[in-house]
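The structure under discussion appears below in the form of structure tokens.
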Amino acid sequence: MAAGTLYTYPENWRAFKAQIAAQYSGARLKIASNPPAFTFGQTNRSPAFLNNFPLGKVPAYQGDDGFCLFESSAIAHYLSNDALRGSTPQAAAQVLQWVSFADSEIIPPASAWVFPTLGIMQFNKQATEQAKEELKRVLAVLNQHLNTRTFLVGERIGLADITVACSLLWLYKQVLEPSFRQPYPNVTRWFVTCVNQPQFKAVLGEVKLCEKMAQFDAKKFAEMQPKKEAPAKKEKVSKEGGKQQQQPQQQEKKEKKKEDKKPAPAEEEMDECEAALAAEPKTKDPFAHLPKSSFVLDEFKRKYSNEDTLTVALPYFCDNFDREGFSIWYAEYRFPEELTMAFMSCNLITGMFQRLDKLRKNAFASVILFGANNDSCISGIWVFRGQELAFPLSDDWQIDYESYTWRKLDVDSEECKTMVKEYFAWEGEFKHVGKPFNQGKIFK
Ligand SMILES: N[C@@H](CCC(=O)N[C@@H](CS)C(=O)NCC(=O)O)C(=O)O
């Protein structure tokens, strides 16, 4: 069973294909879509990323075993099972047919029509009208095919349905208003069936079909253009919503006027993906609602890093811990049988810490790898701001936490006191870990 990380930006429909396929197949997929794990425009241009994915594009997949793959359809294929891929040569070929159909027949006109409505591409009336006509043809083909079928290939949902439905996602959300989709009832019936499957819902959430065709969002488009150094320009919006010729300010020189009359050079506009990312709402502090705490986590961390654990840091922790403002959790890695080389398991732990860097001000953890190569387990003590597990509070933090079981400890219990002491000091009996691990070597 495949297990690995999918690098993408949030809400990327290309990544959705792989994510939904993984929901069906049971492949274990971590999503790296936000800092610190992944910053679109930075991480994907770093030498380390380019070494694995030379185009620097996302989605990109890296297996826990190091296997790297780019191109969203290939990733979705890899994360599928045989049932999704088509279990006969004919079915598999038909799946490929619909995947190619989505790439070459749906995506180009869908992008031309939908992106201006999201304000991430300039509006061009002719291009939009042409896209609408192309999509009518595409929808008619699908409608005809689905006239006698529930799904695109075979009797069950497969990769063809996942891929084509994801390609139609933004169309159905933004522009396919009831009158436009009315001639294609089989397509809408099939699309609604797909997106209401639990495996789709787990990734897409509730998909609300468009009620009124969205138009070009000129304001958003203007806002999302990168700031230029040139003086401010006035901008008018035509009745159709198209941006008219930009007018330079009067005091600018004639030469400058000439320049400004040219359409903006392509490289100055955001590409569709950067614009989609810029459109993401800014995340707010997930702990903002909590009352101020008397326990200064930073101060404890300073003592823990610089002074003796048992004589200084631990007593400070016990004396100052704020049970209303913080909670203590025991975490155990769920798949110890998959841990092989110790250095890889250590990377797993440190990778998790790196991905959770933004939690630094609100959490502390001491995690230990017990045992030896090919026979080990991981567990730790986590201290979190608030009384709930912090991970679900932010999409940024959800990559690793499902690989662990989490148990909130009663701060007054002997169990908690012992665990805190042992994990903080990295020494002790670790009775709960059991033999042979608690007698074996401890990698810290
Ligand atoms: N055919 C590719 C397209 C991937 C693609 O164009 N990705 C864009 C984001 S939507 C990207 O990563 N662009 C970054 C760049 O070009 O630097 C796929 O389906 O995976």
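Just so you know, glycine gets a Cβ as well, placed from its N, Cα and C.
With DSSP states grouped into helix (H, G, I), strand (E, B) and coil, the domain 'GST N-terminal' (2-87) comes out at 34 helix, 17 strand, 35 coil. Marked as domain 'GST N-terminal' by TrEMBL: 2-87.
Annotated domain 'GST C-terminal' per TrEMBL: 88-216, in sequence order. Per-residue confidence over the domain 'GST C-terminal' (88-216) averages 96 (mean pLDDT, predicted model).
The compositional bias 'Basic and acidic residues' annotation in TrEMBL covers 224-242 (among others).
TrEMBL lists 224-273 with the feature region 'Disordered'.
The compositional bias 'Basic and acidic residues' annotation in TrEMBL covers 251-265 (among others).
The annotation domain 'EF-1-gamma C-terminal' is assigned in TrEMBL to 283-444.
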Tally of DSSP helical, extended and coil residues in the domain 'GST C-terminal' (88-216): 88 helix, 0 strand, 41 coil
